[in-house]
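See structure below.
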Amino acid sequence: MTRLLRAPFGVLCVFLWTCGVNASDASQEDCPENKMLTVEYPCLRAGGQRSVCLSLQRNCQTSVWTDSHVVGVVSEVIKKWKSSEHKTETDSMWMVLRPGLGRKCCEGFRFVMGQCVPENLDVCAGSPCEQQCTDNFGRVLCTCYEGFRFDRERHRQHQHPYCTGERGEKGERGPSGPQGPRGDMGLMGPQPDLEHIKTGRRGPVGAPGAPGKDGQKARVSLYGERGFSGPRGSPGPPGSFDFLLLMMADIRHDIVELQDRVFGKRRGLSEDTPILSSGEAELEDWTSGQGELMPNTDARDMSCLLRCVTCCSVQRPARRFFQTFSVLCDQQAVKGVRYKDVLVGVPKEIFEKERRVAVSPAGVELLVKQGFRVQVESGAGREAKFSDDHYRAAGAQITDTKGAFGSDLVLKVRAPVFNEGLRVHEAELLKPRSTLVSFIYPAQNPELMQRLSEQRCTVLAMDQVPRVTIAQGYDALSSMANIAGYKAVVLAANHFGRFFTGQITAAGKVPPAKILVIGGGVAGLAAAGAAKSMGAIVRGFDTRPAALEQFKSFGAEPLEVNIAESGEGVGGYAKEMSKEFLEAEMSLFAKQCKEVDIVITTALIPGKTAPVLIKREMVESMRDGSVVVDLASEAGGNIETTKPGQLYVHQGVTHIGFTDLPSQMPTQSSSLYSNNIIKLLRAISPDKEFFHFEPLEEFDYGTLDHVIRGTMVMKEGQNLFPAPLPKTSPPPAPAKIKSIAELEAEKRAVISPFKRTMTSAGVYTTGLSTVLALGIASPNAAFTQMVTTFGLAGIVGYHTVWGVTPALHSPLMSVTNAISGLTAVGGLVLMGGGLTPSSVPESLALLAAFVSSINIAGGFLITQRMLDMFKRPTDPPEHNYLYSLPGLVFVGGYGASLAGGYSIEQMMYLGSGMCCVGALAGLSAQRTSRLGNTLGMIGVAGGIAATLGALKPSPELLSQMSLAMATGGTLGLTIAKRIEISDLPQLVAAFHSLVGLAAVLTCVAEFMIEQPHLDVHPAAGVLKIVAYLGTYIGGVTFSGSLVAYGKLQGVLDSSPLLLPGRHMLNAGLMAASVGGMIPFMLSDSYSTGMGCLLGVSGLSTIMVR
């Protein structure tokens, strides 16, 4: 059946459904495994050929249609339409086809989109609530499912979904809106006589009937209340008959794609079926595949095959200019909502004793600058010392409670609670489909999650932000825990009857307070740092070795039990320990409670009650006047005698169980929480114009997608908690808890003393044999002396830096980097000419000395600035400038001895080496770190002075050397002085790249100078090996340090570059680098040698990338 309707906006839409079928037929076959019955009958194709079609006779007035019949009818309709006297140039067609395509399914099944599915299956259950048609002028015509209505205002503002509605009390959809279609499309009028198609007669097509009542409603629903648009220019009528064939094939392809998305890759229309080209007479019969189009379905099933085709100015035959849209599946979202269209609301917190506010005036200013419109509830920041005038000055509007909660994006601190004043739950005040950012704790608040789901909210839980490096700026839990740890020490000091720090006065000696901190998380470390800064003796306990190291870096004494079991867990929390470990832990706590004055506990288990670590008898064993602070009291408490939210005294011990410690510092905590939220919103929606973010179910660990998916616990009412694990971070296998007996058995089962001693003896035998081999292969005594010095330096350096404090790792790297700037010595030795170099090698040597000087001067200044970060205002004054005296004596004394004719260069080298080793040793402890940096300066200055004394350069050459090193040193000092303190680590990496560059330049210059004399040089082989290896190592150092600088600075992506086949690629590059040494060592050609050196420097650079 066809209907030709005028559509001046140029859209051709095709509906496909069927009527009822006979339950039985004389020619039916038995029901095969695919649950279908088929019937064969003769039919005609588009080109007039006779064929055999598979289908079933219907209880309809029409005969069975194939695609060939459809094409024949449509061609006749097109001819009639073209010859119509009322046709305009902007007209197109609206055709409704009622085909009898398909096979019949067995009892209990029905045929839908090429599949036999159960009769009770709702094929549209997972689809969006609107269907959408878009023409080439951008006009959208929508139909909605039953129970929803088309909201034209939401469509004008590009707010998905366009169909809205209310659900009943039991979750059923309410009555249809005024524009929604009915459940049945209705009959579309009488059908024309199409018998001529089966007989081959091309007679006239019957006049189309008037639309039925229900069909007219459907058409009105589809067009909406706008009516028809006026002429908008001429897109041109449909093209040739070939255009129609291509259009039908394209619709068929879309149906296959839609079928695959809804039902998966099953039997049905083949996506591989070729599209017929121009001029082909035969069109493959759609009914000859393994599936048909949906007979015997209602209007909801029919809507799943709606296709809208945009005809865009088809002016030439055999050309197709149209686009199809899959309306059942979600379309690719637009960029999002413009920031100016997003209204941000900041309500007042009504939770008991809550004084914080979600966004500070400074945060409001940032939101407004981003483009958001912000409204703040009156008095929301009063307790945090932020007045309404402050918010108005920042660009916010002041509103009431309902106005704040009625915003598009609501920012809160506490999870929504029942509002006694309004007699309504705050979740019910939220605007439907709005976004809420707050602490939620979804595992503990299932009822709240249900309320938010009923409002179809999107919820970002600040308590669910993954604890990964990239999310440190959004981690509100850490920000609040830091405040709680500091406040705990302040409260303990207020209720403790003595000083924290020890004192010796005329009246007598005052011992320092002893504080035990249990838990090495953010709160525990903050408490330890605050207590230590106040002069107390601090002891820290944690089950994780890394946390104990952190305690140690704060100057606290780490406590351990005598059972080897690690408590490292996932998500930044410790795991649950074995029974034996807990018993040893309780014994340790019982002993400590008798010794310490203050106990601060911070241990939490995500989603569970806090573990009880301090028993009643332990508290009662403490001295009178002692204080216990339980930071886990809101989760039940770590101390058995804690009363959450209360301050009281139990047998002389003051108990502080406040649950609102961050709220007791409202200004500070509100500012930090505001920063967390602002940074989170900026991170998840980095676009400068549109606000949009989308969670992914598959993501890599530590990425922004990990943060978005972990934080989002609900999307438009759908519960997304808990988040899936990252695909690159598989869940750790649960460690088997070993008993004490098993651990003792493992000790007895260790390797026997004989085997252990034999292995050690073998290692020493191999090492000493290698030393002898090097002596035999040594070309002269000078080489042996250099190897000896190198070996001893390596052993001394290894043992020197072994015990360095973790907090001093960065300064240690900086000072070693500055000392490695002694590559300048190599450049000085190779420099020549007068005031300027006279050859290419001499120019390379000059450049090597210049870049090394940048590293030397800048490196020592960076180290000094890093060490100054550890300096407290209360520390006694330091007079490190006095260490210039031994430096002046060392260098000046050498100059005097050189003028007196003494050659003491070797002793200068010895003194410089000892100073450099002393620098490394000094940087291993905080109290000697500044002395170490000074010794490094003296050692480098002595080494350069001894080199110049041994070279005895001419005045002109000395001027060239001095100018190069002075210029480089000044540049290094300038850069190191002006750089921000937070950028010092990346500057160390940048300076270290200069060391690698200087090494490459020096090795290449050495080869260029010595190559003509290698045939008579006694150590030519050693010189070549050193030059080749130096070039390779220098290239790796140069490029690797630059990459490190780029990642630390944020210029390069911090994730590793994982190329396909990277292992084979690196193996090939390594083989090429090693293989390049063979022609370099065997050939005496200058060009071959230079080619090998340049090649290996390039290969080393690529390997790092």
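Cβ atoms here come from the backbone N, Cα and C positions, even for glycine.
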Message = Which range is it, out of 304-322, 513-531, 1064-1082, that shows up in TrEMBL as transmembrane segment?
response = 1064-1082
Key: Annotated stretch (transmembrane segment, per TrEMBL) among the listed ranges 469-491, 584-606, 1021-1043   = 1021-1043
Query = So what's near the transmembrane segment (988-1009) in sequence-distant terms, Cβ-Cβ under 8 Å and 6+ beyond its ends?
reply = 810, 813-814, 817, 820-821, 823-824, 826-827, 830, 840-842, 844-845, 847-849, 851-852, 854-855, 858-859, 862, 972, 1023-1024, 1026-1028, 1030-1031, 1033-1042, 1044-1045, 1048, 1089-1090, 1093-1094, 1097
Ask   = With the transmembrane segment (932-951) as the reference, which stretch in 786-805, 812-832, 844-862, 908-925, 1021-1043 has the largest tally of C-beta pairs below 8 Å?
value = 908-925
Ask   = Which sequence positions outside the transmembrane segment (844-862), separated from its termini by at least 6 residues, show Cβ-Cβ distances below 8 Å to it?
value = 814-815, 817-824, 826-832, 837, 933, 936-937, 940, 960-961, 964-973, 975-977, 979, 984, 987-988, 991-992, 994-995, 997-999, 1001-1002, 1004-1005, 1008
Note = If you count CB pairs under 8 A between the transmembrane segment (1021-1043) and each of 786-805, 812-832, 882-902, 1064-1082, the winner is 1064-1082
Note = Top stretch by Cβ pairs under 8 Å to the transmembrane segment (812-832) (candidates 786-805, 882-902, 908-925, 1064-1082) is 908-925
Note = In this predicted model, the domain 'Alanine dehydrogenase/pyridine nucleotide transhydrogenase N-terminal' (345-484) has a mean pLDDT of 95
Remark   = Taking DSSP helix as H, G and I and strand as E and B, the domain 'Alanine dehydrogenase/pyridine nucleotide transhydrogenase N-terminal' (345-484) has 53 helix, 25 strand, 62 coil
